[in-house]
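If you check TrEMBL, you get these features:
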DOMAIN    8-119  domain 'Longin'
TRANSMEM  189-209  transmembrane segment
TRANSMEM  229-248  transmembrane segment
TRANSMEM  255-272  transmembrane segment
Amino acid sequence: MSMILSASVVRVRDGLPLSASTDYEQSTGMQECRKYFKMLSKKLSQLPDRCTLKTGHYNINFISSLGVSYMMLCTENYPSVLAFCFLDELQKEFITTYNMMKTNTAVRPYCFIEFDNFIQRTKQRYNNTRSLSTKMNLADMQTEIKLRPPYQISVSELGSANGFSHLSMAEYKGTGKISAAPHQRLEPVTLPGIVSFVLSLLCGALNLIRGFHAIESLLQNEGEDFSYVIAFFLGTAACFYQCYLFVYYTGWRNAKSFLTFGLICLCNMYLYELRNLWQLFFHVTVGAFSTLQIRLRQPQGKSPDYNV
């Protein structure tokens, strides 16, 4: 008998489970699928927004949207169109019930476990296909799946030494190439993020102004040290690059932000003779704050482009 067995809601950036159905069977096959759930959860940010993993007699399907992924386990003969319609209903209800601030700041696993009530009701409806009243939605989804089939993940890929790191650039069947990592969308900007962006721009502007003043002083006094000019302009570049890293996603983004912060610290250490302690503290603190905000603003799952 084809049916949906379980479902869960997971945060994309770190795989934190937000909610899940509480009706797992204890068979060997089901226990193995639970392991696959956990492995996939850790790689969601590197995968397309719609995927299927076939595991023997079971399939795991999931969609990702706005930083949250909706996963489900069903028998191998359960229709894909019903599976993704089911996931889409979970997505719409979850987005309506919980705002993104709550999902982004959640720290406890299964902190939205009450969402299981909706999962159970929806699962019962989809397990009784004769009672479904979404004929038009099913037709739309079937057309969408034909135009853009879910990416098929193999068990061998799941167990590979490098995980799914190569899939972010793999070919997505029906759509050509998946967008490269540098074009991946980031989570919505928060108020602290805006503050850090503005302060980084301010520090960059201050360094730029002081750099031009240092050039003027150098032209007027031949004994002035040209290295101060270099330090000011390096500080300017570092501050502006932090703004860039906050706005756009790039490869090795976190590592770049830490290196940039290190450059800011080195520049200010070199300029200690030209700045007082409060100025040095301000520039270093802003650099650290911006680095933290870059680290917190993670890539989000792609929004689905189908209308169901």
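Using the three backbone atoms N, Cα and C, a Cβ is placed for every residue, glycine included.
Those TrEMBL annotations? Automatic predictions, nothing curated.
Just so it is clear, the model here is predicted, and its values are computed rather than measured.
Taking H, G and I as helix, E and B as strand and the rest as coil, DSSP gives the domain 'Longin' (8-119) the counts 48 helix, 30 strand, 34 coil.
Taken together, the residues of the domain 'Longin' (8-119) have an average pLDDT of 86.
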